[in-house]
Ligand SMILES: Nc1ncnc2c1ncn2[C@@H]1O[C@H](COP(=O)(O)OP(=O)(O)OP(=O)(O)O)[C@@H](O)[C@H]1O
């Protein structure tokens, strides 16, 4: 008659486990039992401190199985049981989802956004950063506008940022503003096709690997529209607030609304709207003209229940200053145009937002 597994277990049940007092099968120390023809193998899994006490048990087990009909070879090995308790699957903690992180050394992060391109978001970011520096704030400016990085030109800096250790990136600095641009990581004339994951990687590199130093506020000049960069920024980092730049034209306002809705969905506080190119001031005679109408942004802000933080005029000096590498806040600080930005900066500082 062929030897069966049940017959082996029945024989082993006759042997007492010296530790628990029950039989060795019930005590759970018989492991990895295989019965193949007349060949029987199993393991006695025991506490290594009690190895001596188990030696006679092993001999007993071996003899009991050898005595069975059909048993030819019997191999019993003693191994140490696992000291560790089995994992408690029921009470196991799920890994916590990673929420937005704060970047070490940076007190506040403000996004400057716009629903569409060309409304002056980068001009506002550069002037706001310089105006905050003039208020004595430690300011960083991250140019995340991958589609048209313009901060190096606006702040009059050029050259590739250095990375002496190959891990961290040294930012550039001008007018009291510490600046880094994704545009500086690519060739100026090279058209870069950024895909979602690349964008996210680049943004994370800018936030975490740039040696920003201690900052009161980091201004992030976002690409226009409601895209991956804004979402990644809001989801991965503690974003203290956003300002949305709009021109008075209706279409820009509709776009601004989309921008505001996006931040609202992401749970980012909207510090307010900035109306750029609000009135045209003639650079010859100083005559003021509301080319795109007046009061539209203020009305919209009221409807959306967000503050209208500033009305920046359309003035030739603002453009030439930015194009010349010294924002108007720096090149003509006493001009009314510069004052509009300085008032904005003071407002944010007084509100504890910058
Ligand atoms: N208030 C202003 N007065 C005069 N020129 C301005 C004003 N604001 C912006 N500009 C000019 O308008 C052009 C577009 O501005 P800017 O690059 O800041 O816009 P943007 O919204 O950042 O555009 P993009 O999204 O395409 O990068 C620039 O030449 C800039 O100098």
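Count begins at 1; order follows the chain as displayed.
Any Cβ shown, glycine's included, is placed from N, Cα and C.
Nobody curates TrEMBL annotations by hand; they come from automatic prediction.
Taken residue by residue with DSSP, residue 120 (ATP binding site) is part of neither helix nor strand, so it is coil. Counting Cβ atoms from all protein chains shown, residue 120 (ATP binding site) has 21 others lying within 10 Å of its own Cβ. Per TrEMBL, the feature ATP binding site maps to 115, 116, 117, 118, 119, 120, 121, 122.
Look at TrEMBL and you will find 5-76 tagged as domain 'MIP18 family-like'. Averaged over the domain 'MIP18 family-like' (5-76), the predicted model has a pLDDT of 90.
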Among 115, 116, 118, 120, 121, 122, the binding-site residues whose C-beta sits under 6 Å from ligand 1: 118, 120, 121, 122
Among 115, 117, 118, which are binding-site residues, the residue with the most C-beta atoms within 10 angstroms of its C-beta: 115
For residue 121 (ATP binding site), nearby residues of its own chain (Cβ under 8 Å, 6 or more apart in sequence): 112, 113, 114, 145, 221, 222, 224, 245
